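Undergrad: Straight out of Swiss-Prot:
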- 1-93: topological domain 'Mitochondrial matrix' (TOPO_DOM)
- 94-112: transmembrane segment (TRANSMEM)
- 113-118: topological domain 'Mitochondrial intermembrane' (TOPO_DOM)
- 119-141: transmembrane segment (TRANSMEM)
- 142-228: topological domain 'Mitochondrial matrix' (TOPO_DOM)
Amino acid sequence: MDMMMMSTRLIHLSRHFPQYGFRCHPSGLISSARMQYNINNGLAHMGKQMPNTSTHTTRIHPASFSSDLASRKYSLIYAFPLIRGLRALSRLKLLQTGITVVLLPTVYYLHLQGQASVLVLNRSIGIALFAGVMLYSISHFVRRVVGMMYLDSTQTILKVSHLSFWGHRRDIYVPVSDVVTLGDSGDSRGESILRLKRYSTSNTMYFSTRLGRVVDRHAFGKVFGSLS
């Protein structure tokens with residue numbers, strides 16, 4: 001009697017919930033495999049419709065970070081007027097080296113045609129090599145000369161302007177905490193050429209308080225220490 005009542009209830013449930021796969025077999029047992037398959041399909045379908053609530057961490061790219069630093073307000077604390085002359089010298093050597101390299105194939109062609117001697121060809125090659133070495137040496141020196149230095153309003157970021165290999169202005173942004181003071185760098189405050197050193201890198205740049213001009217001594221002291 002109890003088995004008949006249970007079968008009747010199962011048949012009643014299977015009519016109302018056919019999507020869940022309830023079936024009453026003659027023996028009165030539910031097909032568990034069929035029910036498990038339909039439940040898995042239902043969960044998979046629900047998983048497709050569920051929105052993705054996972055959180056994503058926004059990554060700060062170096063370009064956006066540099067753009068943020070460039071948009072800050074800076075005050076000039078040091079200027080080197082002779083940087084314009086160094087820029088002109090760098091571009092002149094670049095132009096001279098370019099002309100020499102362009103003329104070298106012409107001299108070689110004239111030598112093949114018998115219109116230029118071996119001595120002229122050797123001199124042309126020597127001049128081209130010398131121009132290349134001089135260009136590299138001058139550019140190596142000029143790129144390490146500080147043209148201007150600025151300090152932001154919070155006095156935490158130092159903007160350093162110098163020349164690139166092509167003679168263009170280039171700005172780098174250095175945390176003040178990363179700058180080595182004059183007392184720790186080993187330079188005497190009375191020296192003509194001082195070193196701009198950082199804790200995070202071995203690259204060294206150079207500036208001069210004699211040939212250059214300290215615009216804001218108080219802000220300059222915040223970065224490099226007192227000049228007195």
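All residue numbers here begin at 1 and follow the chain in the order shown.
Cβ from N, Cα, C; glycine included.
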Undergrad: Provide the three-state DSSP residue tally for the topological domain 'Mitochondrial intermembrane' (113-118): helix first, then strand, then coil.
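TA: Helix/strand/coil tally for the topological domain 'Mitochondrial intermembrane' (113-118): 1 helix, 0 strand, 5 coil.
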Undergrad: Can you count helix, strand and coil residues in the topological domain 'Mitochondrial matrix' (142-228) using DSSP?
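TA: Tallying H, G and I as helix, E and B as strand, the rest coil: 16 helix, 30 strand, 41 coil.
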Undergrad: Cβ under 8 Å, sequence separation of at least 6 from the ends of the topological domain 'Mitochondrial intermembrane' (113-118): give me the contacting residues as numbers and ranges.
TA: 107
